[in-house]
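A.B. asks: Not my notes, these are from Swiss-Prot:
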BINDING   CYS9, CYS12, CYS33, CYS36  Zn(2+) 1 binding site
BINDING   CYS24, CYS27, HIS46, HIS50  Zn(2+) 2 binding site
COILED    224-257  coiled coil
COMPBIAS  175-191  compositional bias 'Low complexity'
COMPBIAS  250-285  compositional bias 'Low complexity'
MOD_RES   SER2  phosphoserine
MOD_RES   SER169  phosphoserine
MOD_RES   SER189  phosphoserine
MOD_RES   SER212  phosphoserine
MOD_RES   SER335  phosphoserine
MOD_RES   SER336  phosphoserine
Amino acid sequence: MSRHEGVSCDACLKGNFRGRRYKCLICYDYDLCASCYESGATTTRHTTDHPMQCILTRVDFDLYYGGEAFSVEQPQSFTCPYCGKMGYTETSLQEHVTSEHAETSTEVICPICAALPGGDPNHVTDDFAAHLTLEHRAPRDLDESSGVRHVRRMFHPGRGLGGPRARRSNMHFTSSSTGGLSSSQSSYSPSNREAMDPIAELLSQLSGVRRSAGGQLNSSGPSASQLQQLQMQLQLERQHAQAARQQLETARNATRRTNTSSVTTTITQSTATTNTANTESSQQTIQNSQFLLTRLNDPKMSETERQSMESERADRSLFVQELLLSTLVREESSSSDEDERGEMADFGAMGCVDIMPLDVALENLNLKESNKGNEPPPPPL
């Protein structure tokens, strides 16, 4: 391919540009075309002192290195992201970083990941030496075949190795980076006709797919374990919450029981106090009544007072007796008066003179005088 497909210059904003591509190893996702890099384009975050990794298209690589005979293990040229020195291979870059920048902890972008197919073009790491030893060791996986290993080492984004086989349509394939970041698509072809054949390419593709699937499984493994840990934590929290609720309920029940017992005890105490008060009051009243009786029974009056009281009582008794006798005598006298009047009437009938008592005669005289006063005067003569 003659273009950096999917990549745009961050200075002139030209997309899918031709020529050399310069990727900053300090700034995240920052690419420049050749003209902007040579003119010294800078921004607020990017300066000309930042190390840049040069990436070529396949056409430019064939143009620059087409006449040279490269072995299978011929490395690419990488730039140190710390000091900016160029021309390192994978092994020499690892040796340089471990010897010169072992204690440096600045966050940089791995130039090898940006150049390898399927790698992260913006992989940021703060321990570049450990990243190189873990991810970009010189002896590749031993379980892979030599052809597959050669394909992995010779594949490079934006580059292709020379030879007439590189231009055959059935011997190259395209790859693109993921994540929406700056990427490049290019065709790949082997350098030796004997070493590489279509079966080896298919095997290399299958191994790449297996590696990507294994990486995804490895990346998803801790997430599943984290989910399990979270579930266990949630279950423990729920158990703790239930235990706390049970403790609260037991405490509430205990407080309610104590309150009811205290209420009953207070009621019994109040009833006992009222009963005791009532008994005390009744005892006091009994004692008071006893005291009154004793006071009445006690002889406190003098002899003269007693004699006067006895005389008064005797007089009263005599008066009552006289009243009773007088009433009885009046009834007998009234009956005797009626008998005498009957006898006087009998005497009158016999022609005897009626003898009036004096009070009756006086009453008759008074009646006659009053009648005379009430009579009208006689008519004049």
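Backbone N, Cα and C atoms are what each Cβ position is placed from, and that goes for glycine too.
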A.B. asks: Looking only at the coiled coil (224-257), report the model's average pLDDT.
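C.D. replies: Per the prediction, mean pLDDT sits at 81 for the coiled coil (224-257).
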A.B. asks: Kindly assign CYS24 (Zn(2+) 2 binding site) to one of the three DSSP-derived states: helix, strand or coil.
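C.D. replies: Assignment for CYS24 (Zn(2+) 2 binding site) reads strand.
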A.B. asks: Based on Cβ atoms within 10 Å, give me the single least packed residue among the binding-site residues CYS24, CYS27.
C.D. replies: CYS27
A.B. asks: What is the separation, in Å, between the Cα atoms of CYS27 (Zn(2+) 2 binding site) and CYS9 (Zn(2+) 1 binding site)?
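C.D. replies: Each residue's Cα considered, CYS27 (Zn(2+) 2 binding site) and CYS9 (Zn(2+) 1 binding site) end up 14 Å apart.
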A.B. asks: Determine, from DSSP, whether CYS36 (Zn(2+) 1 binding site) sits in helix, strand or coil.
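C.D. replies: Once the DSSP labels are grouped into three classes, CYS36 (Zn(2+) 1 binding site) ends up as helix.
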A.B. asks: About how far apart, in whole Å, are the alpha carbons (Cα) of HIS50 (Zn(2+) 2 binding site) and CYS36 (Zn(2+) 1 binding site)?
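C.D. replies: With distance taken Cα to Cα, CYS36 (Zn(2+) 1 binding site) is 14 Å from HIS50 (Zn(2+) 2 binding site).
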A.B. asks: Name them in sequence order: residues not among CYS24, CYS27, HIS46, HIS50 whose Cβ is within 8 Å of the mean position of the Cβ atoms defining the Zn(2+) 2 site.
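C.D. replies: Near the Zn(2+) 2 site, the remaining chain residues are LEU25, ILE26, TYR30, THR43, ARG45, THR47, MET52.
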A.B. asks: If you take the centroid of the Cβ atoms of CYS9, CYS12, CYS33, CYS36, the listed Zn(2+) 1 site, which other residues of that chain have their Cβ within 8 Å of it?
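C.D. replies: The surrounding set, listed in chain order, is ASP10, ALA11, LEU13, LYS14, PHE17, LEU32, ALA34, SER35, TYR37, ALA41.
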A.B. asks: By a simple count, how many Cβ atoms lie within 10 Å of the Cβ of HIS46 (Zn(2+) 2 binding site), its own Cβ left out?
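C.D. replies: So the number of other Cβ atoms within 10 Å of HIS46 (Zn(2+) 2 binding site) is 17.
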A.B. asks: Based on Cα distances to CYS24 (Zn(2+) 2 binding site), point out the closest of the recorded positions SER2, CYS12, CYS36.
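C.D. replies: Result for CYS24 (Zn(2+) 2 binding site): the nearest of the recorded positions is CYS36.
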A.B. asks: Around HIS50 (Zn(2+) 2 binding site), how many other C-beta atoms are within 10 angstroms of its C-beta?
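C.D. replies: I get 17 for this one.
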A.B. asks: Check the DSSP secondary structure of HIS46 (Zn(2+) 2 binding site), expressed as helix, strand or coil.
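C.D. replies: The residue in question, HIS46 (Zn(2+) 2 binding site), is coil (DSSP, three-state).
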A.B. asks: Would you please pick out, from the binding-site residues CYS9, CYS12, CYS33, CYS36, the one with the fewest other Cβ atoms within 10 Å of its Cβ?
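C.D. replies: Looking at the binding-site residues CYS9, CYS12, CYS33, CYS36, the Cβ with the fewest others within 10 Å is that of CYS12.
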A.B. asks: Which residues, sitting 6 or more apart from SER2 (phosphoserine) on the same chain, put a CB under 8 Å from its CB?
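C.D. replies: Listed in sequence order: ARG18, THR57, ARG58, VAL59, ASP60.
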A.B. asks: According to DSSP, collapsed to three classes, what secondary structure does SER2 (phosphoserine) have?
C.D. replies: coil
